[in-house]
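**Student:** Per TrEMBL, domain 'Acyltransferase 3' is recorded for 88-503. Under the heading transmembrane segment, TrEMBL lists 186-205, 290-306, 312-328, 368-386, 406-425, 446-469, 489-508.
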Amino acid sequence: MTYEDQRALKEPLISEKEEHLDKDEGILSRRSLREANKQFVLKSLSSLRPAHLYRLGKRFAYALTPQLVRTYVWDEKAPKSKVFPTSYLNGLRGMASVKVFTFHYTHFYSDSTTAAWGVDEHHKYFLELPIIRYFYAGTTAHVFFGCAGYLTTLRLAQQMDKQDPVSRAKVLVNVSGALFRRALRLYLPTLIITFITTHFIYFGLYEQNREYFGDKKLFPGPFYEPRPKQYPTYYEQLHNWAHEMIKLSDIFQYGYRPEHDCHLWSILAEMQGSLLSYLIMIATAQCRHHIRLAVMCVMLFMLFLWNRWDICVYILGGIVGQVDAILIERDQQKKMTLSPESPVVSTFAESGKMATALSRFRATPHSVLSISGYLVSFYLMSYPTWGYGSKAFGYQTLNKFIPPGMAMPEKFYPVIGTGLLLFMLARSDPKTSVWRRLLNTDLFAYLGKVSFALYLLHGPILHGIGYMIPHYIWWSFGVQGTEVGDIPWTVAIVTGWAIGLGMCLWAADVWSREVEGRCTKVVKKLEDFCFVKA
């Protein structure tokens, strides 16, 4: 594709010269209403010319083309994202977004997502083992909440701990702007996707598969996700949508799951976690960092008593962020106090292979500790949903230490594992850490970029067609899924997963660029309009 073609495709769908009423021709008061209507009709008819429709179609096709095709077919490089010390967390969120799709897809067909390895003779597959099972059935919302809490606290804590009036003055400004943007950037895309979904429901696009989802022979998985009701009138359909969105924005309730997409419960939880995190940071802005850390620990304990595991992991991420800020400050002070002269080292220690062997030996304890920390974190995060109260392999002893009275005891160890994972990543060397370098690769950076869009869109796409793809494959061969062996069944499930994930990534790519990008611009303009200029 030539440069001129790319410029033409990137032009807005309606340019200023193609507006129905030109600004330089005056307002309607300078001409009769009949002339204005005539001008409107002429402009509308001109827009229906074949050449204009062709250009418009090309622009729509370009807008719906994913970045992967643009890069490898048209050699159009994606704009480089800014790289920050915490960019690896975007990659972590990207990995979690793919995993949440995999979990929600798989749990319709198998209880391997919930049952532990070895609970009976039906659950002894390799993929069900601890740590292995994390990458398709482990906790995912914990990662989103923990990353958000860590980033919120780290940025503000570093400003507060500078102990100068200018930095302290910026804290309130930053909190105000962040909260203003947070609410709008969470809820604007959510309102748009649910508004689209409610029209899919009203026009019957969910009805063709509705009868199949209640059949346990077709979908033997342990979870049943409610499907939104189709109302007889358009007003009733919109009223139901508005009612659910009002409840989803009610920050004083817990655990609301809208029928339009029950996965959106995390939007409300993330808003609640953000509000509490910013409240704690503002309340402790004048405190020493160890006092702030103590307050956060007290709040973590209280949230545990209140059975709010979702906000617990948010605050735990904040605690990791505060600890990391303290350690970063300590490391910087050490660098400033170190003598520029190199320490005296014996000639024997510097000579050849002996020096290399000694350096490797000195690095071994740290490497072993690091690997052990990652293994423990993934082990805890792969705690099965049905692990509490069952003979779960590898978790029976741990079950004895879960405090009684927890409403959701299966969330206890994943919360701890998430905090440990965030701490291990934060304190690892970005130059030598395999995980940090992996999460900063282009693939994971791209997944992180579209992670929010993928989370919003995977539910409607799965309910619309994704869950039915394996059945379409089996039916095309004239059999049911219950009539085939393990290998054909697995091939159909994996094929359906790959097709569904590809569809979701395509939609997420377009959504993040065409919808989220515009929402960000709207929020920025609204912020400029509302905020007092300094």
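Backbone N, Cα and C atoms are what each Cβ position is placed from, and that goes for glycine too.
If you look at the structure here, what lies around each of the features I listed?
**Tutor:** Residues 153, 157, 160, 276, 280-281, 283-284, 312, 315-316, 318-319, 322-323, 326, 403 of the same chain lie 6+ residues outside the transmembrane segment (290-306) yet bring a C-beta within less than 8 angstroms of a C-beta in it.
With a threshold of 8 Å between CB atoms, the same-chain residues lying at least 6 positions outside the transmembrane segment (446-469) that come near it are 67, 78, 81, 89-98, 100-101, 104-105, 108, 144, 189-190, 193, 196-197, 200, 205-206, 209, 212-213, 219, 225, 227, 261-264, 266, 495-496, 499-500, 503-505, 507-509, 511-512, 515-516.
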**Student:** Same chain, outside the transmembrane segment (489-508) by at least 6, Cβ under 8 Å from its Cβ: which residues?
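**Tutor:** Residues packing against the transmembrane segment (489-508) from afar: 66, 98, 101-102, 105-106, 109, 450, 453-454, 457-458, 461-462, 465-466, 469-470, 473-474, 481.
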**Student:** Tell me, roughly as an integer, the mean pLDDT over the domain 'Acyltransferase 3' (88-503).
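**Tutor:** Across the domain 'Acyltransferase 3' (88-503), the average pLDDT comes out at 86.
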